[in-house]
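Asks: Let me give you the structure first, and then I'll get to my questions.
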Amino acid sequence: MSPLQPLVLALLVLACCSAVPRRRQPTVVVFPGEPRTNLTNRQLAEEYLYRYGYTPGAELSEDGQSLQRALLRFQRRLSLPETGELDSTTLNAMRAPRCGVPDVGRFQTFEGELKWHHHNITYWIQNYSEDLPRAVIDDAFARAFALWSAVTPLTFTRVYGPEADIVIQFGVREHGDGYPFDGKNGLLAHAFPPGKGIQGDAHFDDEELWSLGKGVVIPTYFGNAKGAACHFPFTFEGRSYSACTTDGRSDDMLWCSTTADYDADRQFGFCPSERLYTQDGNADGKPCVFPFTFQGRTYSACTSDGRSDGYRWCATTANYDQDKLYGFCPTRVDATVTGGNAAGELCVFPFTFLGKEYSACTREGRNDGHLWCATTSNFDKDKKWGFCPDQGYSLFLVAAHEFGHALGLDHTSVPEALMYPMYRFTEEHPLHRDDVQGIQHLYGPRPEPEPRPPTTTTTTTTEPQPTAPPTVCVTGPPTARPSEGPTTGPTGPPAAGPTGPPTAGPSAAPTESPDPAEDVCNVDIFDAIAEIRNRLHFFKAGKYWRLSEGGGRRVQGPFLVKSKWPALPRKLDSAFEDPLTKKIFFFSGRQVWVYTGASLLGPRRLDKLGLGPEVAQVTGALPRPEGKVLLFSGQSFWRFDVKTQKVDPQSVTPVDQMFPGVPISTHDIFQYQEKAYFCQDHFYWRVSSQNEVNQVDYVGYVTFDLLKCPED
């Protein structure tokens, strides 16, 4: 990718070179924040041919013969007209969205035939894209595996840990495997051939819009469509809509048709919207109230003011300052832009561009045909923009292709086959005879007469959501989601929207069963100690104890870690809870897990946080104000940003420089009641801060002083 261009609006003026009048050329705009490339067609071809294995180097000789040979090889491989020239057909093929696996050669080179030598293949969905509901992603992957199990003896079982044969991951740009993605469009995904470690894994570019190939997938609530997804585009009163709308309503409730023609079918539902419900917070899912007052100011829309993590929230009464009731606003997938310089923001309609007003996404100003919108009311003034949601790429089809690689298949030269390198949307059965012959060459045909779906295990998960209020913690998050709302509605967009929230929420956490026979005072050295929900937790070998609230017994437990956090390993190195978002980070070896309630992100490698291979483990964490955390390893610490989930690489600091007097080597570092604790063996050094100076104010025993164990 070329460097970002200066934020300058430049119009390309085409000079008239003839007295004959010409049709006015479209205005082409250099959009601020958009990566641009000045590659010539030859440079594009050389880069492409090298990347996908057709040439040994990125630059070819000037005589043109080596380029011609490479082009012929490329054209022959992909069943294109064999001209040996950089013609329009060849250039269009090079610009088409495709798989990132090389056509010639492999990511990893091994001798012999690469295939799995067992038939029950396991897979793990390590993380999720926010483009689709998790249940839709789970289903897309299960259906993709089912294509291959229907024609082979293979079965596919979902597991929940890195021991899986195939680890599925969404990532952006450089995502830890040495084969970076390239942003929106272009390279969609890649996978590695069978084997240990990263071999067999499948990675998907999360800068793409993932859908089922026919636009964003938006579930509906209430209405009369029984939760069916929106159908885009749809027709209402003779007009076509490609996003949820408030037209036809007087209450500003967003709705959509769930068929192509609302006028004919009258099937509709309400779209996720802050006027329908809020998420988490402390208002039991009640909808936003607009306008509302916060710190004396009036707000007529969701805002991130008062927060350092960028989450959009609203008050659920007219006065937050008085009532302190709030919730987080649902994401508008149908109107959230990607790319540009305002990714994640909402389109604002109408907006002004070059003096003209636009009430929908437009292609004006672009020569690539992509729809875009401004995210403020005036692009000419603010220069804030992004790409509008398009049809997206079918996660099911791309996954089925990548899983073919994960099973040992190469690209084919048959354009109609699933394993052809270029993306092609189809609603027909995607497996071609060529695909079936290839996979059965490796594993043989399915012995059963009737194909069956793969063996899978599914769980219901929820999107991670922050739970802290705009400024200070008012109350904890609700223990249960709001009760079910109405399930039926009028046949047309009603005059008033339902008052209830979505009809489903996360399931309750497993009941903990303490075993009093196991005494915390018998534990020698704990694996990790952390303050979670304002209570000190002690972790050891898959179990944990916690200090009780108020009076009564001082220590509760032990509890099984997996009863509360099922994905965690038996051995933990450290943990911390971010006081702002209530996210809980758990570290073990070179991996980190992030829990928000029952929702999980990870495990992720420490590389994702910006911690290099020299960091073998994170031995402690000290939360700091405004979403910052100090992460410790060995004799150093780094400053970590919870919002970006990245460390500042320039922040590495010796521990004794900021915390003089603590041991050189510590195994548990945690914060409790606003003081830092550094543990070594059975002892801890407590550090307090006065006038921005840290000093040890107490040295004590973990068992006797923190746990109040008897000294005899």
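Even glycines carry a Cβ here, placed using N, Cα and C.
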Asks: Quick test of your reading of Swiss-Prot: among 97-104, 129-136, 337-344, 553-560, where does it put motif 'Cysteine switch'?
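Replies: Swiss-Prot lists motif 'Cysteine switch' for residues 97-104.
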Asks: From the candidates CYS271, CYS288, select the one that Swiss-Prot records as forming a disulfide bond with CYS244.
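Replies: In Swiss-Prot, CYS244 forms its recorded disulfide with CYS271.
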Asks: Among ASP165, ASP182, which residue does Swiss-Prot annotate as binding Ca(2+) 2 together with GLY197, GLN199, ASP201?
Replies: ASP165
Asks: Summarise the motif 'Cysteine switch' (97-104) by DSSP state, stating how many residues are helix, strand and coil.
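Replies: With helix first, then strand, then coil, the motif 'Cysteine switch' (97-104) has 0 helix, 2 strand, 6 coil.
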Asks: Quickly jot the same-chain residues contacting the motif 'Cysteine switch' (97-104) by Cβ under 8 Å, restricted to those at least six beyond its ends, or write none.
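Replies: Same-chain contacts beyond the ends: 51-54, 73-74, 77-78, 179, 181, 185-191, 393, 398, 401-402, 405, 411, 421-423.
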Asks: For CYS709 (disulfide bond), identify the closest of the disulfide-bonded residues CYS256, CYS271, CYS373, judging by Cα separation.
Replies: CYS271
Asks: Just going by other Cβ atoms within 10 Å, which of the disulfide-bonded residues CYS271, CYS521 has the emptiest spot?
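Replies: Each of the disulfide-bonded residues CYS271, CYS521 was scored; lowest Cβ tally within 10 Å is CYS521.
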Asks: Three states by DSSP: which one describes CYS256 (disulfide bond)?
Replies: strand
Asks: Pop the Cα-Cα gap between CYS288 (disulfide bond) and ASP206 (Ca(2+) 1 binding site) into the table, whole Å please.
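Replies: Cα-Cα distance, ASP206 (Ca(2+) 1 binding site) to CYS288 (disulfide bond): 30 Å.
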Asks: Find, for the listed glycosylation sites ASN120, ASN127, the residue with the lowest Cβ contact count at a 10 Å cut-off, counting only other Cβ atoms.
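Replies: If we count Cβ atoms within 10 Å for the glycosylation sites ASN120, ASN127, the smallest count is at ASN120.
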Asks: Between C-alpha atoms, which of these recorded positions comes nearest to CYS521 (disulfide bond): ASP131, GLU208, GLU402?
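Replies: So, of the listed recorded positions, the one sitting closest to CYS521 (disulfide bond) is ASP131.
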Asks: Using a 10 Å radius around each Cβ and all protein chains in view, which of these disulfide-bonded residues has the most neighbours: CYS256, CYS709?
Replies: CYS256
